[in-house]
Amino acid sequence: MQQDKVNLLGLNQKAIEDFFISIGEKKFHARQVFKWIHKKGVIDFDAMTDLGKNLRHKLKEKAQITIPKVVFSKASKDGTHKWLIDVGGSAVETVFILEEGRGTLCVSSQVGCTLNCSFCSTGKQGFNRNLSAAEVIAQLWIAARTLSKTDGEHDFTVTNIVMMGMGEPLMNFENVVPAMDIMMDDLAYGLSRRKVTLSTSGVVPRIYDLLEQSGVSLAVSLHAPNDMLRNEIVPINKKYNIDELLEACKLYAQKGPHKHITFEYTLMEEVNDNLSDAEELVALLKSREVPAKINLIPFNPYPGTPYKKPSNNRIHRFKEFLQHNGFVTTVRKTRGDDIDAACGQLAGDVMDKTNRKQRYLKKLGDTNAN
């Protein structure tokens, strides 16, 4: 029985070294191949010119470098790029956001999501499966290769990664951490821990694991100033409440790459954007002594949602109150909304699973026919 070939794309440096040892080759050859794949974007063993002929032949027998197919890509007028990537009959989305002095890639970790936050369009898809480490890092590989070919009017270099795409990354810990290792490896993409941010809705035990095993920057999707409201809109709060979450955040801030935690707070009109909510949020964070930066995200409506985006006046009032009480507070600018790439739109049109599957397969068929 023929053994399945190992996909080298998702192996971090230690794992690829272990693989090379297992086939009787030296570690330094593993590092050569690792660099070819990620630093140079080469996935054909025959094009790896510093490898011997016998090694190239052995690799073709025992390994492969498989990149998922891009079903389609879009570019926004503001420099945002979006890719729909085929992951074996399902699809995930990856978004590049261009800002002054930085280029941020928003990476997905799951097909769908298990957490079903009430305001999130991705959660309405249900959950299909976790992405493999190869499928996670492939999003950066594809973006880096594509953006390097873009015309020279803008600098489309990926300088930052945010694990904020489809899915809850800490529910796919075993695959996300090796992928982030590759992102931060100097032989690959060379990003620092400060430039790679993982966003979680609050899988508390895994926050401690993340600090121990990776230590990337941490962002927390808080969205509510108390357990009663958070139980309603972020259901995982029923398992890990705000007290438990903030205790983990406090330790992470002490030992992580930043001396603060970024809290994401999606503003929804008359749900969590009242001045009383801002007052409660300030009291909460101060009482728990968590060094905090707050990122306010105006809600992006999608079909069928009961929630509304607040007025600019309500957003400004909320922000001003937080700033007046000593918190660094930003309001996320809407980018890529002309290509459905703005925050909260990663699921595209929210439809039932059957129609969504049919729409995806039609898009894939149309692409293959071209």
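Just so it is clear, glycine is given a Cβ too, placed from its N, Cα and C backbone atoms.
The feature active site, proton acceptor is assigned by Swiss-Prot to Glu93, with sequence analysis given as support. Secondary structure from DSSP puts Glu93 (active site, proton acceptor) in a beta strand.
Among the features that Swiss-Prot reports, active site, S-methylcysteine intermediate is placed at Cys343.
Swiss-Prot lists Cys113, Cys117, Cys120 with the feature [4Fe-4S] cluster binding site. Residues within less than 8 Å, Cβ to Cβ, of Cys117 ([4Fe-4S] cluster binding site) and separated from it by at least 6 positions along the same chain comprise Gly123, Ser201, Ser221, His223, Ile233, Val234, Pro235.
According to Swiss-Prot, the S-adenosyl-L-methionine binding site annotation covers Gly167, Glu168, Ser199, Ser221, Leu222, His223, Asn300, on the basis of sequence analysis. Under DSSP, Ser199 (S-adenosyl-L-methionine binding site) is assigned to a strand (E or B) in the three-state scheme.
Per Swiss-Prot, disulfide bond is recorded for Cys106-Cys343, and the stated evidence type is sequence analysis. Within 10 Å of the C-beta of Cys106 (disulfide bond) we count 25 further C-beta atoms, all protein chains included.
Positions annotated as domain 'Radical SAM core' by Swiss-Prot, on the basis of sequence analysis: 99-337.
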Least surrounded among the binding-site residues, given as Ser199, Asn300, when other CB atoms within 10 Å are counted: Asn300
Neighbour tally for Cys113 ([4Fe-4S] cluster binding site), based on other Cβ positions within 10 Å of its Cβ: 25
Largest tally of Cβ atoms lying within 10 Å of a Cβ, found at which of the binding-site residues Cys120, Leu222: Leu222
Residue, out of the recorded positions Glu93, Glu168, whose Cβ gathers the largest set of other Cβ atoms within 10 Å: Glu168
Fewest-neighbour residue among binding-site residues, criterion Cβ within 10 Å, set Gly167, Ser221: Ser221
Separation of alpha carbons, Glu168 (S-adenosyl-L-methionine binding site) and Glu93 (active site, proton acceptor) (Å): 14
